[in-house]
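Chemist: This is the structure I want to talk about, given as structure tokens.
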């Protein structure tokens, strides 16, 4: 027997990926070689662990060594879930194995296990081949079992060992009474020098062991699968349930375990304490300049954090009314200092200060009344009272305080940095502008005045509201009167800022027109309606093209007039987001609104393991904020600066009017704070979460971490994990059930429906209007944020999305395909017992046809009861497999991210055009085949093939006579038994009816 062995020394790893949600990992290495498997110790909370542990593998066939491979997997141990997650792997082929004398420590970069893995770092290994007979090989774990089901326990090593004077429990075991195992050293005198050097790098002595400490395999991570089968996705992209301690108590399985203290209104977030300082005003401040003037401002200091108010020029009695909030978790001082300063060109002058001991600051919890501010006399640097007083209010509160949203926050800036504009970092609640559809019915124009009387005018009407422009079709006015009677639809927002401008234009040549006159109508004067009643039409005199306002219209009138019917349609719901995940379905007119059916509460807790979005001072960082949209209400959290694990703990509430709506929460990186990211001045998207209200149970608190998945030109990436707490509550089950019987959209969408093209165009205009209004707020919600939250570009072509929709369609019909396959097996008598039972059931249904429908419904009832135990208990989330994002071609992604119109090269566009032609050609063939089958059905009776029609007509006569004479049950039994006949009575050739149908003519021979 050969003594040849493979030695592997696991030295260290560097710059591993943090996986525990706290910026660290508990790493261990698992080695696989020739059917043997070893595992190192676990290094807790260390991204740069050192092991210095050596293992020896038996080589079963030395002649086959070059064909063998060594695989080293680096895992993160998760104690809570008793599972592990992959940090990376190293794959070494047998051709690189060298003798011990030539072996050196090599640092191998960690590789991905699959295309969707996120890894980084390197693993230091020393791999060598030895035939030293004094070295005994380690006993491996039982060979290569499944990761989720292996439970191997250690056995005693066969080599002489040196016992270590301590033992370590099994961290993966589910058995609390499991015995402890002892580590043992393998004798390796050749490595003593290297061991002595490694003591400086690792406080724990280097351990070399074999089978003495072989732990059981970890269990599968407790993740939530929304879909089964082919729709499953990597565990790192799945939803994870959490049990956090929130304001109302601990959340376990969606239920709240109440704490001893009473729950506050903010019971879906973790309570965070803040030191609030309200600087109201000052009076009788002393002069500091030679001129006797004073430009005062206030600095509020707590440790390294400092907040500054704005300054007033030449004012000894200023009023600020500014609020500062300092997070108690970050405060490193026991003293609060409020300093009044005088703004100066060169150096700011000291005026006076007020000092507070934080241990004496009172605590306030709403609904307690706000703390009344008090006057404090200023002190100089020697502690003596001087002229001037400052009105302050200082208290300790939580994020439930009314001052929270308007306060300057210390956790939104770095220490000793208050230069960031507070307008861009505060949390805020916004309301979308009230949107209306403007219907303009252009009826006719009379008494047109043209400059050239030698021709008939070719006129059309152009209507414009803001940047929305629509035109009627051109009409040749032979009698100087033109008739159109066309409807045009626009979107307008309250308060109405733009006028409706209609101009009558004469097309005098290609791309050349003359304005014959125009009408300017103020939208504030337009009639509003909530139903489809007729609005009275009006005649408007055209004004000269030079007039620009409404008042000028009344002065400059001439003969030409325009007949219009204009109204604001309030009976529609103005779509500003995709109908698949709309958050509001109410009409514009408030008198049509129904009472709310429930309350939706959202707690935005934190974001973990964020991917750095920018570089600051040589390191990766992010300045993140969250945006949530539901209905007309938008919310924006405060911006947490310079943090890859920001904690928000902000709670918001919405009224719910329809359960078939979707809440959208997005995470963004701010580019408005001085540092511009890779996308210039635009806020960068980090990811978003959609939650459909109808999937939530009443009163249940859903606490999960949602992976933030974003599709980039390079593929899908996980940018972090968003931790949310959600609760939907309603009071009346009857009202909730009654909603399901009501139309999804308001009545006007069915009485006077709009075309799909109109709805898409109007939705695009509505998004632009909402973006323009909300971008003017403070802090603004920028256009790119609104477009991402509302999926404004979801209608654009995408090969990936087309494939995803095709596979979704296939999955819908999978059930029918499965039934067809099963019935085919029945007809082929693959299982004679089942086939006989189906025959008996068929006979029963034919003899008693009144049982058919009850049997079907009972069957569906039983299926529903059976599936109840497997019902999803968690809201669905983004799925990379369903989205076809895990197998998409890079060129298809590049095409999806291309602008409209395209900016790619001519050759690239030609290649994509040819690809699209190929796809369209296949679709064209399928559509043609469907049309052919339909035309063959028509050919049965249209005598295009007289012989075929004669045969079919005679068959119909004979069939009518036979069906009239023969009872229906007999025919059904005969037909059923014929279909399910034994294969012995079947022929491989097609049946006569099918041959007859395929011979029928179609119109394909008439096509060019």
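Here the Cβ of each residue, glycine as well, is placed from N, Cα and C on the backbone.
What TrEMBL says about a protein is an automatic prediction, not a curated fact.
Here TrEMBL flags 165-174 as compositional bias 'Polar residues'. What TrEMBL records for 1-108, 256-376, 419-540, 581-706 is domain 'C2'. What TrEMBL lists as region 'Disordered' is 165-202. Summarising the annotation, TrEMBL assigns transmembrane segment to 806-824, 836-866, 951-979.
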Chemist: State the mean pLDDT for the domain 'C2' (419-540).
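Modeler: That stretch averages a pLDDT of 88.
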Chemist: Would the domain 'C2' (1-108) and the domain 'C2' (419-540) count as touching if the test is at least 3 Cβ pairs under 8 Å, pairs 6 or more apart?
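Modeler: Checked: the domain 'C2' (1-108) vs the domain 'C2' (419-540), no contact.
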Chemist: Could you pull out which residues elsewhere in the chain have a CB under 8 Å from any CB of the transmembrane segment (836-866), counting only those six or more residues past its ends?
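Modeler: Distal contacts: 826, 969, 972-973, 976-977, 980.
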Chemist: What is the number of residues in the domain 'C2' (1-108) that are helix, strand and coil, as DSSP sees it?
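Modeler: Output for the domain 'C2' (1-108) reads 12 helix, 57 strand, 39 coil.
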